[in-house]
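Comments concern the structure below.
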Amino acid sequence: MAEEQVLNTHNASLLLSAANKSHYPEDDIPEIALAGRSNVGKSSFINTLLGRKNLARTSGKPGKTQLLNFFNIDDKIRFVDVPGYGYAKVSKVERARWGKMIEEYLTSRDNLRAVVSLVDLRHEPSTEDVQMYEFLKYYEIPVIVVATKADKIPRGKWNKHESMIKKKLNFEQEDAFILFSSVDRIGIDQAWDAILEQI
């Protein structure tokens with residue numbers, strides 16, 4: 001999609017929630033998946049990019065997203081919010097089910113164009129963060145790393161934290177890396193540019 005202005009980002013809605021591929025939308029609209037740990041800020045990322053307060057529900061309780069949530073944006077693109085990983089209070093059986101559901105979507109969905117992998121700028125990436133990045137690289141799925149909660153760290157320390165994250169992920173320079181804050185509205189244009197480049 002060459003021009004961002006042809007996309008009315010405010011014309012967005014939750015289309016459906018799916019547990020497996022029999023429930024996926026049947027069309028060829030390109031999709032961008034959003035992956036990250038529970039409470040990394042996926043819902044806030046979606047709401048901020050789409051200029052909506054509560055389109056994706058934010059929750060103080062991690063593990064709230066239990067299905068693949070498909071958000072329709074102007075009938076031209078979809079965001080797919082996948083269950084957050086790394087939430088300790090979810091049973092092993094449930095975590096395994098989520099993992100299978102996410103893997104099935106990421107490896108078999110023709111509509112998928114890229115994955116936004118969200119990490120917390122404040123902390124070193126978790127084992128699950130690293131595994132997700134390695135998984136996407138292995139399957140040659142384009143990845144956009146978004147480091148959230150940049151407002152929680154003084155700007156003078158951003159470079160240090162970015163370097164820490166890139167080193168832990170074994171980050172490849174061809175991938176986009178974006179510092180983001182839904183509070184201070186940092187990184188919105190950069191995120192859209194990286195997403196639309198993949199459509």
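Using N, Cα and C of the backbone, Cβ positions are placed for all residues, glycine too.
Noted in Swiss-Prot for the protein shown:
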BINDING   36-43, 63-67, 81-84, 148-151, 180-182  GTP binding site
BINDING   Ser43, Thr65  Mg(2+) binding site
DOMAIN    28-199  domain 'EngB-type G'
Taking only the CA atoms, the spacing between Pro83 (GTP binding site) and Ser43 (Mg(2+) binding site), expressed in whole angstrom, is 11
Mapped onto three states, the DSSP assignment of Asn39 (GTP binding site) reads coil
Which residues, sitting 6 or more apart from Gly36 (GTP binding site) on the same chain, put a CB under 8 Å from its CB?
Lys42, Gly84, Tyr85, Ser117, Leu118, Val119, Asp129, Met132, Thr148
Top of the binding-site residues Lys42, Lys149 by count of other CB atoms within 10 A is Lys42
What three-state secondary structure does DSSP assign to Leu67 (GTP binding site)?
coil
What is the Cβ neighbour count of Ser43 (Mg(2+) binding site) at a 10 Å cut-off, with all protein chains included?
22
